[in-house]
Structure formats: structure tokens, C-alpha cells
């Protein structure tokens with residue numbers, strides 16, 4: 001297995017231009033495909049998850065041109081549902097941001113009735129999709145499970161989404177609601193979506209609604225408890241769509257600045273539509289000096305203190321707080337993060353296991369993690385297992401800010417969202 005060892009870093013300084021957001025990139029591609037008109041998507045992320053979406057769209061008859069550096073994509077919109085001529089099987093890797101929205105979009109009524117199979121890597125077959133499928137079936141969709149009930153692979157017949165009253169469980173993943181919201185404007189009738197349980201990761205729903213507005217569709221949001229979507233609408237191309245820099249990817253660099261220097265990230269700022277921009281607020285609460293601009297966020301070292309906080313609203317960036325916590329005074333508790341368990345790996349168990357290898361004292365709860373800080377001279381050099389999870393690899397790079405090296409196994413797993421991460425990280429590092 002490939003590995004990379006990061007030597008101890010004495011300080012960090014510099015500016016990082018962020019790659020495009022994964023969440024925004026895949027939403028933009030799908031909305032552009034369903035819209036009337038041609039859309040030029042710029043600052044598109046070049047990563048595995050985006051490639052899976054692009055390959056699927058091509059197989060579904062969407063025509064597009066991708067620039068040589070793969071960051072600009074011009075998409076000819078279909079002006080409605082996918083027009084599939086033959087039965088198809090689409091492989092989506094471990095890309096939840098492709099699997100969930102495509103599951104819903106492929107239920108929309110095509111000119112010719114076809115069956116589409118959606119499948120992926122072994123981990124994808126362990127990632128739940130029951131709540132989305134249940135909701136789509138209530139709206140009249142034809143979906144069946146091919147292996148285990150509640151999990152991909154799925155067989156979908158594009159017979160249409162009728163609409164009507166639909167209940168969806170919001171407690172596991174906001175991507176289920178995102179998928180439903182993006183497809184129901186093209187349903188035959190109006191849809192009223194009622195949320196069961198506590199809706200997790202609300203800022204990701206805000207991203208979805210903002211992007212739908214950019215493509216000409218409005219949704220009535222009643223306090224995140226009920227959503228009303230008019231049927232028989234059309235998405236309209238905005239002609240150009242700029243993908244913001246990835247706020248989750250910003251977290252590693254901002255944390256590094258807060259721990260040991262000064263780092264600025266560009267491509268997101270105070271007006272970003274991404275909830276993970278609020279990661280900077282958490283760092284500020286811990287004591288870091290944060291500066292906000294229109295198109296940048298800067299984090300600067302100050303003594304950090306532990307924090308006890310519900311981080312349901314920033315689940316991806318919250319992982320970075322878990323490794324940052326080792327450098328703070330006092331314990332840190334990250335709460336209400338059950339959905340870590342249904343991500344690329346069971347992130348709660350993975351995080352607790354790998355932090356203990358470094359020497360940290362950690363308590364893993366069903367939906368929380370409690371971390372005690374570690375004196376700089378007590379960090380242990382460990383081989384960090386990444387579980388084919390890009391965020392594990394990137395979070396644990398921060399361990400090199402101690403007096404101890406860290407070895408990251410399978411570093412190329414960052415290709416899911418940030419293939420050049422380790423090169424970019426090295427640019428801000430001053431070695432001991």
C-alpha cells in the first residue's frame with residue numbers, strides 16, 4: 001500500500017486557492033443537464049466523484065464539453081427529464097452526491113420507458129438509501145432493490161414522479177431531501193414534503209435551494225419541517241454558473257493556521273452559500289484569530305481552548321475539529337454527529353481508532369466524540385489508516401504540526417475531492 005510520511009512542521013504560512021466544492025459541482029452538473037439552454041459551469045472540481053457524475057450524464061445522453069484542465073464544463077441542457085433509449089447500468093463509485101440525486105432524477109418520466117441500474121463500490125452498497133427510496137415510492141416512483149433492502153444497487157424504471165404528499169426521514173442524511181427537492185419540480189403534480197425526525201445538515205439544504213433558485217425554480221420552505229414544490233416546472237439555465245471553492249477542504253488549511261501560523265484560503269468568503277464556512281466560527285470560538293473577506297477567510301494562531309458543541313450543521317468540517325482538538329487546552333466534545341457513521345466509512349469509529357494510535361484519550365459515543373488534548377511531546381508516530389476516506393487522510397495531516405511525524409496510508413484516497421491536497425499542504429509548511 002502507498003503511504004506518505006509528513007515530517008514535523010515548525011510553522012505554516014501562505015495562501016491557498018481552493019478547488020471547487022464537490023457538493024456544488026455535482027448539483028450544478030445535474031441541474032444544468034435537466035435545464036433548458038446551455039450552461040457553462042466554471043471552477044468545477046476535478047475529482048473522482050465529479051467524474052462519476054460526468055460519466056453517468058454522458059451515458060444518459062447529455063452532451064457536454066470539458067476543458068483540458070477539467071474545471072470548465074459546457075453542458076447542453078435536456079430541458080426536462082432524461083430521454084433514455086435503452087436499459088442501462090451506471091457505476092457511481094462511492095459518490096453519494098451522484099447516487100442520491102440521480103436515484104430521484106432517473107425516476108422522472110422519459111419518452112421511452114427503460115430500466116436503469118445504479119451501482120457502485122462495495123462501500124456504496126453499505127450506505128443507506130431507504131429513506132429516499134421510501135419517499136420516492138410515496139410519490140409514485142418505480143424502484144426496487146437488487147441486493148439488500150435499503151441499500152444500493154437499485155433498479156429504477158423511469159415511469160414518472162406523480163407528486164402529492166410525501167414524508168421523508170431527515171435524520172440520517174440531508175442528501176435524501178436534496179435529491180427529492182431537485183427532482184420534484186419536474187413531477188406531474190405539486191409535491192408537499194414533510195420532514196420526519198430532526199433534519200440533519202440543514203446548511204446543505206440551503207445550498208440545494210439556493211442553486212435551484214439560480215436555475216429558475218423556487219421552493220416554499222416552512223421552517224425545514226415542510227417544503228412545497230410546484231410540479232410541471234422547468235429548470236432554466238443561468239448561462240454561467242461559478243462553483244465556489246470547497247469550504248470543507250478549506251477547513252484543513254484554516255486549522256493549520258490556527259494551530260501554528262497564518263493561512264488564507266481564497267474562493268470562499270463571508271457570503272458563501274456553504275454551511276462549512278461556519279467552521280471558521282468554531283475555530284474563532286476556540287480562540288483563533290479569524291479574518292473574513294468577500295472572497296477569502298484567514299486563520300491565524302492564538303492559544304486554542306477545547307470546545308463542547310453540537311456540530312450537526314457542519315459534519316464534514318467537524319472532523320477537522322477532532323484533530324485540531326489535540327492542540328487545544330482542555331477537552332473537546334463534538335456532539336450530534338451520528339451521520340458520521342453513514343459517510344465514506346464509519347467516521348466515528350475510524351476517528352476514535354486513529355486518534356488513539358497517536359496517543360490521544362478518546363471516548364466514542366453513539367453520536368458524539370470526546371477528545372482530550374495531547375502535550376506536543378507525547379504525540380506518537382503512527383501509521384494512519386484512511387479507510388478509503390478522503391477526509392481521514394486530510395484531517396490527520398494536521399498531526400505533523402506536533403513535534404512528531406505522521407504516516408498517512410493510501411494518501412491517494414484524497415482524489416475523491418482534492419487530488420492535489422498533499423502538494424497544496426506542503427506549500428504552506430515550514431519544516432523543522
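Quick reminder: no glycine exception, Cβ is built from N, Cα and C everywhere.
Binding site for phosphoenolpyruvate per Swiss-Prot: 96, 127, 175, 347, 391, 416, plus 22 from the candidate set 22, 240, 285.
For residue 96 (phosphoenolpyruvate binding site), applying a Cβ distance below 8 Å and a minimum sequence separation of six or more within one chain yields 124, 127, 173, 175, 343. Following the DSSP three-state reduction, the secondary structure of residue 201 (3-phosphoshikimate binding site) is coil. DSSP gives residue 391 (phosphoenolpyruvate binding site) a helix state. Close to residue 339 (3-phosphoshikimate binding site), meaning Cα to Cα within 10 A, are the following binding-site residues out of 347, 391, 416: 347.
Across the annotated binding residues for phosphoenolpyruvate (22, 96, 127, 175, 347, 391, 416), the two most widely spaced Cα atoms sit 19 Å apart. Cα spacing between residue 416 (phosphoenolpyruvate binding site) and residue 22 (3-phosphoshikimate binding site): 9 Å, rounded to the nearest whole number.
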